[in-house]
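**Student:** Take this structure, written in structure tokens, and hold onto it; I'll ask about it next.
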Amino acid sequence: MAPSGSRNIKKGCWRVLYWIPVLFIALVVAWSYYAYVLQLCIESIEHTGEKVIYLLVYHVVFIMFVWAYWQTIFTRPMNPLKEFHLSYSDKELLEREDRGESQQEILRRIARDLPIYTRTNSGAIRFCDRCQLLKPDRCHHCSVCNKCILKMDHHCPWVNNCVGFSNYKFFMLFLAYSLLYCLFITATDLQYFIKFWLNGLPDTQAKFHILFLFFSACMFSVSLASLLTYHCWLVCRNRSTLEVVRAPVFRHGTDKSGFSLGFSKNFRQVFGDEVKYWPIPVFSGLGDGCSFPTCLVNLDPEQPSSSPTRSHPVTQSHKSPLLSLIWEMTYVCSGASNQGMTIEHEA
């Protein structure tokens with residue numbers, strides 16, 4: 001009992017420590033609100049029209065920023081569906097086998113009924129022995145969360161959460177609105193920052209808030225701009241941070257662009273088809289997180305096709321299996337070509 005109790009206390013302490021970066025961000029944001037609204041707009045700006053416009057625009061950006069940050073933190077990462085978990089009989093069968101090849105035969109048999117097309121570097125089925133499941137494509141085990149996360153991008157300490165399929169859009173909006181927040185503060189605070197050095201501000205505590213507010217906004221703008229640019233590039237290429245570190249492996253070999261369908265489809269996979277939902281922190285992405293369309297998928301004869309049914313000029317009754325495959329591959333691949341850090345060890 002004693003070791004178990006000690007282990008629980010240690011886990012509880014780590015959970016508290018994980019919230020420190022989030023608390024730091026919350027304190028910085030709270031101070032920036034006080035410095036901008038009270039010290040700059042209310043105390044320092046004399047022109048009423050300018051004050052009202054600044055406050056209105058600021059609060060719109062502030063609300064969207066906080067909303068996106070909240071969604072990124074408190075949206076639970078999605079885990080693989082029960083179909084990917086081993087049944088009780090399969091677990092027993094796997095435990096009885098000592099040889100790795102025999103275990104792989106069992107896993108390959110189970111994977112035939114699942115939309116799994118990626119492999120380990122050695123060509124084996126991707127299996128998580130901790131969660132006892134076959135990993136869906138783009139799924140990885142997070143050592144911090146201690147669970148498998150669908151389309152895991154990375155575990156972010158600044159949100160104390162895994163960024164993956166369920167909250168990647170929220171994370172992108174968080175970066176975008178936080179950058180807009182910092183740029184807006186920098187632009188509107190600039191003239192008063194200059195007045196500070198020209199001794200044009202009243203000798204009150206507001207002048208120091210204006211000074212540090214400008215420096216803080218500039219500093220965060222640089223880091224946020226670089227991070228947002230990087231993740232925009234990832235969205236356009238339909239890749240995750242983990243897939244940049246280690247490209248996905250298919251039956252035919254490694255392919256870093258295996259999931260890329262062209263800019264438009266890549267973007268809509270994260271933000272959805274309805275434009276009105278793009279700037280709002282509500283989930284609107286496509287798919288279920290367990291399977292992803294790829295023009296390489298039909299190269300694996302052992303797996304079922306995960307691509308949605310499409311109608312083509314040739315009717316189903318007149319197509320041979322070979323012609324059907326050619327139509328499917330031509331349609332998907334031509335669309336792809338025309339439209340455009342926590343990672344577990346996988347043996």
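Even glycines carry a Cβ here, placed using N, Cα and C.
Below are the features listed in TrEMBL for this protein:
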DOMAIN    125-245  domain 'Palmitoyltransferase DHHC'
TRANSMEM  16-36  transmembrane segment
TRANSMEM  52-70  transmembrane segment
TRANSMEM  170-188  transmembrane segment
TRANSMEM  208-230  transmembrane segment
**Student:** Over the span of the domain 'Palmitoyltransferase DHHC' (125-245), how high is the average pLDDT in this prediction?
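**Tutor:** Within the domain 'Palmitoyltransferase DHHC' (125-245), the model's average pLDDT equals 94.
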**Student:** Residues of the same chain, at least six outside the transmembrane segment (16-36), with any C-beta under 8 angstroms of its C-beta?
**Tutor:** 58, 62, 65-66, 69, 73, 144, 157-160, 185, 189, 209-210, 212-213, 216-217
**Student:** According to DSSP, how is the domain 'Palmitoyltransferase DHHC' (125-245) divided among helix, strand and coil residues?
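**Tutor:** Counting residues per DSSP class in the domain 'Palmitoyltransferase DHHC' (125-245), I get 67 helix, 17 strand, 37 coil.
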